[in-house]
Amino acid sequence: MAELTALESLIEMGFPRGRAEKALALTGNQGIEAAMDWLMEHEDDPDVDEPLETPLSHILGREPTPSEQVGPEGSGSAAGESKPVLTEEERQEQTKRMLELVAQKQREREEREEREALEREKQRRRQGQELSAARQKLQEDEIRRAAEERRREKAEELAARQRVREKIERDKAERAQKYGGTVGSRSSPPATDPGPVPSSPRQEPPTKREYDQCRIQVRLPDGTSLTQTFRAREQLAAVRLYVELHRGEEPGQDQDPVQLLSGFPRRAFSEADMERPLQELGLVPSAVLIVAKKCPS
């Protein structure tokens, strides 16, 4: 049975002649399977139908056509050779085999593309899970840092309160000891006096207490309040700075100047007062201040 050439087989399967010749040429004329692989891999290339610069007949290794031969010797030799002619049944059988081969190649290509798509999807999901895990870890770290900061601030506040309580207890003990010693040193009335009217004990003038800390509560314009413990010798400017840093406005916004007022007696503190210590301003051991927006001068 005569066989179709690779070029004829590709044309029989529906490939354009120019594309089939190009496939055979670029695969080194290694057969129909190699040419079919090339055709399926490059069917979407924009230049798949562009002709090669080298004559395809030289690359394919086929004999030149009678019109390409020069001289009477060429035409005579072409006329003397006869090409085997396939019967219709042989042509159909060979075409069937080629179509089955094309279908097999197509299935292999689809399976390969499906595997690649599945692998890309797995990669996408894996990257998504890694990104989600990284975001969750970042959120957990932020929550943990915020909780640690709150615990630290609360511990500092409790420690400050404890120091104030201990100071108060020490002062009470000192006063009690001093007061008790004065009463014990007084002489009792003579026994011969039948019934002297007891005189009230002489009151010692209260000892002026020196505080080293003061507790300031600041009421903000929105109704909220801030409470903080300062050293008695700190300047009032430290309180104003604390208010400006903690009054809850968004970072980056223009903040109005802060004006501090005392509730009772009513008093507006000036810029000169900002340089004076809290003890000198009468804000020790505790005081309530009011924040008002300072009108620009």
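From the backbone N, Cα and C atoms, a Cβ is placed for every residue, glycine too.
Taken from Swiss-Prot, the feature coiled coil covers 86-172, and the record attributes it to sequence analysis.
Under DSSP, the residues of the compositional bias 'Acidic residues' (42-52) split into helix, strand and coil as follows: 0 helix, 0 strand, 11 coil. What Swiss-Prot records for 42-52 is compositional bias 'Acidic residues'.
For 86-122 (among others), the entry in Swiss-Prot reads compositional bias 'Basic and acidic residues'.
Annotation comment: Swiss-Prot describes 137-177 (among others) as compositional bias 'Basic and acidic residues'. Sorting each residue of the compositional bias 'Basic and acidic residues' (137-177) by its DSSP state yields 41 helix, 0 strand, 0 coil.
The average pLDDT the prediction assigns to the domain 'UBA' (2-42) is 82. According to Swiss-Prot, the feature domain 'UBA' maps to 2-42, an assignment based on sequence analysis.
Taken from Swiss-Prot, the feature domain 'UBX' covers 209-291, and the record attributes it to sequence analysis.
Here Swiss-Prot flags THR207 (among others) as phosphothreonine, drawing on similarity to another entry.
The phosphothreonine feature in Swiss-Prot is assigned to THR229 (among others). Long-range Cβ neighbours of THR229 (phosphothreonine) (same chain, at least 6 residues apart, Cβ-Cβ under 8 Å): GLU157, ALA160, ARG161, VAL164, GLN213, CYS214, ARG215, ILE216. In the three-state DSSP reading, THR229 (phosphothreonine) counts as strand.
Annotated region 'Disordered' per Swiss-Prot: 38-212, in sequence order.
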Long-range neighbours of the compositional bias 'Basic and acidic residues' (137-177), counting only residues six or more past its ends (CB under 8 A): 207, 209, 211-213, 215, 229, 285
Let's see if you can do this one: DSSP helix, strand and coil counts over the compositional bias 'Basic and acidic residues' (86-122), in that order. 35 helix, 0 strand, 2 coil
